[in-house]
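Everything below concerns the one structure shown next.
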Amino acid sequence: MERGKNLKTNITEFLLLGFSDLQAELQLTVFLFFLSAYLLTLFCNILIIVIITIDFQLHVPMYLFLRNLSFLEMCSITVTAPKAMQIFVSGDKSISFLGCASQMLVFFTVAVSECLFLTVMAFDRYLAICCPLRYSSIMSKETCHCLTVASWLVGFLLTLGQTIFIFSLPFCASNHIYHFFCDIPPVLSLACTNIFINQLSVFIVCSVAAVIPFLLILCSYANIAYSIALIKSTTGRHKAISTCGSHLTSVILFYGTAMVVYLRLNAQEFGGINRGIALFYCIVIPVINPLIYSLKNKDLKSSLMKYIEI
C-alpha cells in the first residue's frame with residue numbers, strides 16, 4: 001500500500017485501554033498507586049523548588065539545574081497521571097484526536113528536554129571536578145539560563161516535528177490504544193499505512209536525543225572518575241563522588257528504561273512488558289528522583305531543616 005494513498009483519518013478520538021483488562025480490585029489498587037505517586041511527586045518537587053528559590057546560598061549552577069529538573073519531573077507525571085486517574089474514576093476512556101496529539105507533544109518535549117538536561121548537569125559536574133579553576137568563569141548564571149532554555153527549545157522542536165509527522169498519518173481502523181497515555185509506539189501501530197519511515201524517524205530522533213547525550217554523559221563520567229582517582233584526600237574524593245552519585249543514578253534509571261522502549265523499529269509489538277517499563281519511567285522515576293537528590297544532599301537537607309526550625 002502506498003503511503004497515505006486514498007486514505008484519510010476518520011477517527012476523531014482514541015480509547016486508552018491500558019488497564020482495561022484488570023479486575024476491579026486491581027484497578028482500585030492501580031488508581032491509588034497513581035494518586036499516591038502523583039501527590040508525592042508534586043510535594044517533593046515543589047519542596048525542592050521552593051527551598052532552592054528562597055535560599056540564596058543554593059543559587060549556584062548545580063542547584064539551579066536541580067530546580068529545573070524538579071520542574072521537568074512535575075510536568076512529566078502531570079501529563080499522564082491525571083488522565084489515567086480520570087479514566088479510573090469516570091470509566092470514560094476516550095481522548096480526542098487533538099488531545100492525544102497534545103499529550104504526546106508535551107510528554108515527549110519534557111522527555112527529550114530531560115535527556116538533554118541530564119547531559120547539561122553531567123557537563124556541570126565535569127567542569128566542577130575536572131576544571132575547578134575555570135568553573136566559575138564558564139558556568140555563570142547566564143550560561144545556566146542559556147543551557148536550560150536551549151534544552152527546552154530543542155526538545156520542543158524535535159518533538160513537534162515527530163508529533164506532526166505521526167498525526168498526519170491516516171488512522172482509519174481501530175482507535176484502541178492499549179496504553180495509559182498516547183505513547184508513540186502504540187499510536188503508530190494504529191496507522192493504516194506503511195509506518196516504516198515514521199519508525200525510522202523516531203529511531204533517528206531518539207538516537208540524537210538519547211543515545212548521543214548518553215554517550216556524552218559516559219565520557220564526562222569517565223573523565224570525572226579519572227580526576228577523582230587522582231585526588232589524594234579521602235574527604236575530597238568522597239565529596240566529589242557524593243556530588244555525582246545522585247545524578248548518575250537518575251541517568252541510569254531514566255535512560256535505561258526509555259531506550260528499551262523507543263530504540264526499536266517494531267512499534268507493532270507494544271505489549272504488557274513495555275507498558276510496565278513505561279509505567280516505571282512515567283510514574284515511578286518522577287517519584288524516585290526528588291528522593292534521591294534530597295536524601296543524598298546535605299545542603300538541601302540542612303536548608304530544609306533551617307526553614308523548618310524557623
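Just so you know, glycine gets a Cβ as well, placed from its N, Cα and C.
Positions annotated as domain 'G-protein coupled receptors family 1 profile' by TrEMBL: 44-293. According to TrEMBL, the feature transmembrane segment maps to 30-52, 104-123, 144-171, 202-226, 246-265, 277-295.
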Decide whether the stretches the transmembrane segment (202-226) and the transmembrane segment (277-295) have at least 3 CB pairs under 8 angstroms, with pairs required to be 6 or more apart in sequence.
no
Top stretch by Cβ pairs under 8 Å to the transmembrane segment (30-52) (candidates 104-123, 144-171, 246-265, 277-295) is 277-295
Along the domain 'G-protein coupled receptors family 1 profile' (44-293), what average pLDDT does this model show?
88
